[in-house]
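For reference, TrEMBL has these:
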type	residues	note
COMPBIAS	1765-1775	compositional bias 'Basic and acidic residues'
DOMAIN	46-78	domain 'Amino acid permease N-terminal'
DOMAIN	108-615	domain 'Amino acid permease/ SLC12A'
DOMAIN	624-777	domain 'SLC12A transporter C-terminal'
DOMAIN	791-994	domain 'SLC12A transporter C-terminal'
DOMAIN	1099-1605	domain 'Amino acid permease/ SLC12A'
DOMAIN	1614-1769	domain 'SLC12A transporter C-terminal'
DOMAIN	1781-1983	domain 'SLC12A transporter C-terminal'
REGION	74-93	region 'Disordered'
REGION	1744-1782	region 'Disordered'
TRANSMEM	136-161	transmembrane segment
TRANSMEM	182-206	transmembrane segment
TRANSMEM	254-273	transmembrane segment
TRANSMEM	306-329	transmembrane segment
TRANSMEM	422-444	transmembrane segment
TRANSMEM	1127-1153	transmembrane segment
TRANSMEM	1173-1197	transmembrane segment
TRANSMEM	1218-1239	transmembrane segment
TRANSMEM	1245-1264	transmembrane segment
TRANSMEM	1336-1356	transmembrane segment
TRANSMEM	1465-1481	transmembrane segment
TRANSMEM	1487-1509	transmembrane segment
Amino acid sequence: MARYFDRVRNLVPGLRNRENNVPGQGDVTVDMGFEKKEENRKMSIYNPLDPVPKYDFYAKDTWAGRIKKSRPSLDVLRKPPDPDDLSTPPEEDERPKVKLVRFGWVLGVMIRAMLNIWGVIMYLRLPWITSQNGLILTFVIIFMAVTVTTITATSVSAISTNGKVYSGGTYFMISRSLGPELGAPIGLLFSFANALACALHTVGFAETVRDMLKDFKSQMVDDVNDVRIIGAITVCILLCITFAGMSWEAKAQILFFIAIMLSLINYFVGTVIPSSPDKQAVGFFNYRSEVFVANLLPSYRGPDGYFFKQFAIFFPAATGILSGVNICGDLKDPTGGIPKGTLLAILWTTLSYLLIAATCAATVVRDASGNMNDSLALTNFTTHCTGLGCKLGWNFDRCEQNITCPHGLANNFRILTNVSGWGILITIGVFAATLSSALGFLVSAPKIFQCLCKDNIYPYIGFFGKGYGKNNEPLRAYCLAFLLAMAIIMIGNLNMIAPLISNFFLCSYGLINFSCFHASVTQSPGWRPQYHYYSPWSSLFGTVLSFILMFLFTWWAALVTSAVVIFLIGYINYRKPYVNWGSSYQASFYNMALTFSMTLSDVEDHVKNFRPQCLVLTGPPNVRPALVDFAGTFTKNLSLMICGNIIVEDDKSGDPQLGSELLVEWLKKRKIRSFYTSFNADSLREGTSSLMRASGLGKLKPNTLILGYKINWQECRPQSLQDYIDTISEAFDSSYGVIILRMMEALDISDNAHSTANTAAMENLGFEGDEPAICEKDETDQNSDVSDDGSSDQVQTLFQTKQGRKNIDIYWISDDGGLTLLVPYLLTRRNRWKKCKLRVFILGDQETMKEDRKDMKMLLKRFRLEIEDVIIITDVDKAPLAKNIQRFEESITPFRPSEEQTRDIHEVRRLNPWKIFDKDLEAIRPKVERTIRLNEIIKKNSVQAAMIVVSLPVMDVTCPSSLYMAWLESLSFGIHCPVMLIRGNQENVMTFYCHERLRNLIPGLRRPETNNVNGISVNIGERDYGKEQDIRQMSIFNPLDPLPKYEFYAKDTWSGRIKSIRPSLDVLRKLPDPDDLPPPPEKDDQPKVKLVRFGWILGVMIRCMLNIWGVIMFLRLPWITSQAGIILTYVIIFMSVTITTITATSVSAISTNGKVYSGGTYFMISRTLGPELGAPIGLLFAFANALACSLNTVGFAETVRDVMKDNKAQMVDDVNDVRIIGTITICILLCITFAGMSWEAKAQILFFIALLLALANYFVGTLISPSIEKQSVGFFGYQAEIFVDNLLPSFRGKDGSFFRMFSIFFPSATGILSGVNICGDLKDPSGGIPKGTLQAIFWTTLSYLFIAITVASTVVRDASGNVNDSLALNSSIHCSGLGCKFGWNFDRCEQNQTCGYGLANSFQILTTISGSGHLITIGIFAATLSSALGFLVSAPKIFQCLCKDNIYPYIGFFGKGYGKNQEPLRGYLLMFIIALAFILIGDLNTIAPLISNFFLCSYGLINFSCFHATVTKSPGWRPQFRYFSPWASLFAAFLSFILMFLFTWWAALVTFTIVLCLLGYVTYNKPKVNWGTSYQAGFYNMALSFSMSLSNVEDHIKNFRPQCLVLTGPPNIRPALVDFVGTFTKNMSLMICGNIILEDEKSNVPQHSSDLLVDWLNQRKIRSFYTSFNADSLREGTSSLLRASGLGKLKPNTLILGYKMNWQECRPQSLQDYVNTISDAFDSSYGVALLRMMDGLDVTDDLKSSGRSSIDNPAFEADDVTGTKNDENDRHSDISDDGSSDQVRTVFQTKQGRKTIDIYWISDDGGLTVLVPYLLTRRNRWKKCKIRVLILGDQETVKEDRKDMKMLLKRFRLEIDEVIVITDVDKAPLAKNIQRFEESIAPFRLNEELSGDLHELQRLNPWKILNKDLEAIRPKMEKTLRLNEIIKKNSVHAALAVISLPVMDVTCPSSLYMAWLESLSFGIHCPVMLIRGNQENVMTFYCQ
């Protein structure tokens, strides 16, 4: 890995190779190159081994003459080695320098780019393009092309100036910016594109030569083959030139450039020379306004005659902009030359293109014959002439009309030759342009391909990467490019090649622009381009424009290109090449992981989204593969898993970094999605406790501890056993769930591993005795749980094999909240376990067995778990076998005390807590006997089980560890399959409700004093256990530990169940006094209200059928059939049914995933996707239902109007009659709804009966022979001719199109949600909705299909209705229509389109067909009224639920309910008004498409809800309805959205606009609701997924970010410190606010402080995590946070803390603790920063004086007090109060203006001292500040030092205002400053004359200062005091002073170090940051 340039090793602390000082700078490992005495001036004033910053520490090569050096590590600085051991400095690089060919920006970039732009298109196609498009559109083409190329040029300029670039051109830049995933495919395509471009220009050259030959009447074969022959010869010559070398190629390019310039001058001169008759004959007339005007507009001709084809042909003219980039390895200064040369080339060539196009259009006509005889002067004006040539004296009409003109702009590609002054120069220019471009592209393609080959991204191409000669020429790649170009030349047609080239180049340009955009938005600190004149958003625009143009040019080529790119990307992602270039693709993983982790922190916990986040105590994971596989099986891609390895301090050995890397690789090979962390501790308990409290990030923190069973507990050391049990106890105390895995063959396979070849088992003595490889087995055990599969270091375990049709037996002995059920269920979701069936065993009595089984089945059904069987264990009270009791007694015998020990029980227990006394044994004996009996039952019932899950007993706090282990042994002994002992934290983790809040799932954030259920705060004593009558409901483990029961999970009492609260872990572990237990809750004696509830038939199926059988079926289905024909009508029906069926399955899945309430579709979407999408759709869906009500009412009104018309009655006119009738009808329907749901239901039954009668009447009517009257209106009974005629469509009128018909029909499918919309009024929504909805769809679909086919088989499209049209009455009239076959002549009305009857004209045709027309009319009334009534009821129900949720303001008024059913009367009135408004439209065909639009949007969201809920894999997603597919739901969602736009695009746009606005409002408003949605679960998935992916991304200097652990204490106490760090980390890097709470001061910290402090951070808009840690000291707590906090690569690498201003007055131990904290950070390879402000950081006194809340922490109390002694000149305060509640305004929240940030870079630390101030200036408040860098130097070398530093900072791409060299630091400081220093250390001096043993005194008082300590530091101190004086003088007006932090020697007393820091930072008025990196490079000036 060292071969990759500038790779960051050890940027994450704890993973460094600390024995080697190797700074990852390149291929060469160098020793510490410390200068000798003669270079002392190059050393810092802090340490003779601490160098000042210099260029040589960051360079990675010596070709520039610089000597590569390496700075000393922190270990060297902290403990200096013996000077004799220091290695000698590296020698000068005396290798002979090779003089390489390097080009400047003019020749290498600008001229080369101009030559490639001035290619074949300019000479041979630009005039022709101008003639086709006209001058205006030609200018549009040029400007669009220039827009793309200019944006691309700015993007490539930014990329090329972001570090040193090497050869490889475009490929190098994209790959090093975006990564190999996108870089390699584009590199391959771009190489191919350059080869094609070479062929294009060669063909252009060949065409010109061919035309010259034709001018001389010479031809070799024919036009095409001549081009091929000439092109082949030409490309061979070009290959020879490239083989001659770059120098010859450059010389050739200069000649070509001169030739082109001469030809252009010649052309422009030619345009002003008066034209001769010969030139006029070919169309050239000099500048003429008539010609100019005629050529302004387009005149497209031929197959290429359209705009985008012309654009595609022109675009290759813009492809030369990257010519300079492509040879960037041969440039002298690529960084400076590429931007300048490329942009100037674009400017000059664009001007030339515009001028050529304009002059051609102003001087040459489009068509000319070239015949001198066409001059009007010769024909004496006798010939009639009308063309443009007539005005110019020429008649070109004949050839124009015959399209045979060979000359003019539109016909002659070589028109520039005719225009120019001397044609031969144009020909030479064409030769120069084409050959120079071809040569340029032939050189570019191999250069790019060579770089790609060297990177070994793709196989089998490395052969072409070999270079030759001093310039490393890619000769083999030249040959390959030559062959490709030769193949393309064989096409022989320039117009065919050009679009292909455009396609490839546009793809490359798009990716270049995307690279720039992506690199900018990832905000990596390494993205610091010197070129600033670019915008990431213009780059994004360039990307989109390029990809759009690709498809507009040649869509098939664009598809092919995209497919190839996707395939190549897929290959690379699969292959995962081992490269690390620090790309923005890698940086984006960090951004996404951090962003989603931060967002997840704002998401409230919910039971539905609970996941067991596991901390697995694996030790080295490869030693316990079964434990790893077990946890990995149910957590993979679902929840967090951390493999924890506790390394005991006494047993540390080996290389921890090497071990970590090997174990992480082992996990990857095993495909375990887990983080790995190791922790050094004194014991297993201590380490596990630290990991439980500190590991993880935000909500990604463990909540479940998993560990292996301690099989050797009887033989191990008693301390080890006690440690093991204390670990479990600690987990319970921390409210963790606990899982213990036991297998017959132990989990620890270290002995097997050591005996296996090629296996690296890394032992950890902290786990050594836990599970030995050989243990006592039951005699009957014949199987092995662990086997070796033969692969290296990978052992096959039981959990990696398919389990088949076995059982997972769950012995749910104690109710723990559901974790005991959840984990086995998650196992069955995996492929290897999905065939296993779950069986649940519970305890019960013989008398209540049926009741117990019924209750448990009901509970499990509500949990939506597929349980094979529920078994009641009734004989657990029987006595166990004697041998088993004897085995228990023998197991505890070694732990029984001797007789002597029984005399002093308390002392013995204190010294030996594992000892078992008689009272302990007697207290537990009844439990153990029942446990032994339970073990016998388990072994009997679960012989064939794949796994056994048993509730884990909770130990009493007084229970000895050995007795508890004996208890567990009795429970799990002798079971052949794996046994999982499991216990949750007594909080619900499963629910059967759609929205129930989860409390306290994250350990450490619990509120143990209350149990909050459904918003009601109840004391923990509210329990119904412990009484005599409930003994049978208690577990065998504890009399207070209840059995599982329904009441623990219910949240209401309406069903008659009494709500119960289970005891907490605290209650179970420490029994309360029985007298203090409150009485059980009283029965709920409130009278029950009988509600109106419907079953699935009446409530769902009939209601849905009525709403589907609406107005469309009776009034529009026949008409649609006539328009679309039977076939397309069936297509419409089946497409509608496809959407509705999939939507029904989706809604069935959602409705069966927990109990649903009123609110229908809104309730389901909002509780599944969240209020963000649920609320907008709820609003729109309520509105859509109101519209549907109006639609059906209008349908009813139309029918009544037609009936009135039949009876010669009319009120006003057709439209107003509909309005009047509709208004009256809707008023009547409103009255019915006001009467209540029971009356509405009765009305629906009557309507249903009427509909069935109407349908039966219709089908009977089709069988009755038609009368004369029926025949006259087109009904002839079943006729094959009619059926055939109606098969195909016959669209008519304004609505005559397929999608218009579809949109009119679709409202008939909107009734499928009618049952869902009143789900609150259903008896069983979960069971009724799926059954009723799907059956309704089935029956109604059949009815639609039968009606469509019967009506189309019996009725003709057109009929007059006039009985006089019978042929029997008019036999002599000619007849040709379909009616003639049946004796009727409808020809006249058909031809006049005046037929009033037939399928196509009469909406009431079903009335005519039926047996009794009145029944059809009644059916129409029933269908329309029932649907209208149903929708009028549905809309208010939905809207009422939305109003009650208070998502939107001002609508709560409509949420009020009335009566026992909470009828939304106000909602009814609102929907009545909306429906009435649309009824006034009066046109059914206008309303229908609008309704389709809204319903399709709702259907799309419902399907997306189902899909999203499934793919988020939340354990709470367990729908009872299994017959759905997430991919079918996704398909239906897309289909719904597509149909929205196909139906009415403008309505779809309006709908989406409204949804987006409502979505934006809800997102901005953030309503305080928590429904456990998939939207919330999605954040967890994304946070976990990106965090895991980030772990696989290697570190790189370019992507280094200071990830900060900030010791803020309570953040609101030190707001300035929080604001300072938050300023430069916000949205860029990790920030963790750490609060160390001292153990003896925990009582002072109020409850819920974590929640309050997180809220405070959110209000302050600080993007930071917060974590608190209980510890004995600041040092201990910080050390634990340094080692354990964070997750994967999201771990701190920089410690930031406030300056301890009261260090002279505080307790010495506190001072020592503070300095030791800094020392530990250095030892852990952390960067360290201290912030000091004149007024201090602690604002506790300010908050208390203002009466505001402050959460104090004694651990930080004395660190930085507010009242400190200030300098006399200090008159300002850094902290001010802005008056807001609990928010103090600090200096870091104000704009700094044009101040300076002064960086005193005293010591080279790798660049962190410079990086942090730079990051500050990227923020708006600091962006105007200028950075000044001040360094130390000598007077003699000031200029050199300044020059070197400026060069270094320029290479770093930092905008530094000034570099100042400090030369007078060696001067003596002022006496008063020395005196102040002496006074500051006086209290800490040790009087050596009066003291005894100095070493012993200093050991006991390490803060004491000896004389030798003072003498050793005095020279440094004097220089430091002098430096302080310089700082105060130079930085009076600075906004911030940044100073290198001295590194203390390990022997330096803490008080002396603080005095050193005080001397350095005293009296500086602005904020001071003392900072020091970890001596590893964090900045670089290289691209890779």
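Just so it is clear, glycine is given a Cβ too, placed from its N, Cα and C backbone atoms.
Curation plays no part in TrEMBL annotations; they are all automatic predictions.
Since we're looking at a predicted model, the values are computed, not measured.
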Among the ranges 136-161, 422-444, 1173-1197, 1465-1481, the one whose Cβ pairs under 8 Å to the transmembrane segment (1487-1509) are most numerous: 1173-1197
Top Cβ-contact partner of the transmembrane segment (254-273) among 136-161, 182-206, 422-444, 1245-1264, 1465-1481 (pairs under 8 Å): 422-444
Arithmetic mean of per-residue pLDDT over the domain 'Amino acid permease/ SLC12A' (108-615): 84
Feature contact check the transmembrane segment (422-444) with the transmembrane segment (182-206), CB under 8 Å, 3 or more pairs: yes
For the transmembrane segment (1336-1356), sequence-distant contacts whose Cβ falls under 8 Å of one of its Cβ atoms, 6 or more beyond its ends: 1100-1102, 1104-1105, 1108-1109, 1113, 1117-1118, 1121-1122, 1125-1126, 1129-1130, 1133, 1137, 1140-1141, 1144, 1255, 1258-1259, 1262, 1274-1279, 1282-1283, 1285-1287, 1308, 1311-1312, 1315, 1378-1379, 1382, 1386, 1398-1399, 1405-1406, 1409
Top partner of the domain 'Amino acid permease/ SLC12A' (108-615) among 791-994, 1099-1605, 1781-1983 - counted as Cβ pairs under 8 Å: 1099-1605
Annotated stretches the transmembrane segment (1465-1481) and the transmembrane segment (1218-1239) touching (3 or more Cβ pairs under 8 Å): yes
Same-chain residues at least 6 beyond the ends of the transmembrane segment (1218-1239) whose Cβ lies under 8 Å from its Cβ atoms: 1092, 1189-1190, 1193-1194, 1196-1198, 1200-1201, 1211-1212, 1318, 1321, 1425, 1428-1429, 1432-1433, 1436, 1459, 1461, 1463, 1465, 1468-1469, 1472, 1475-1476, 1479-1480, 1482
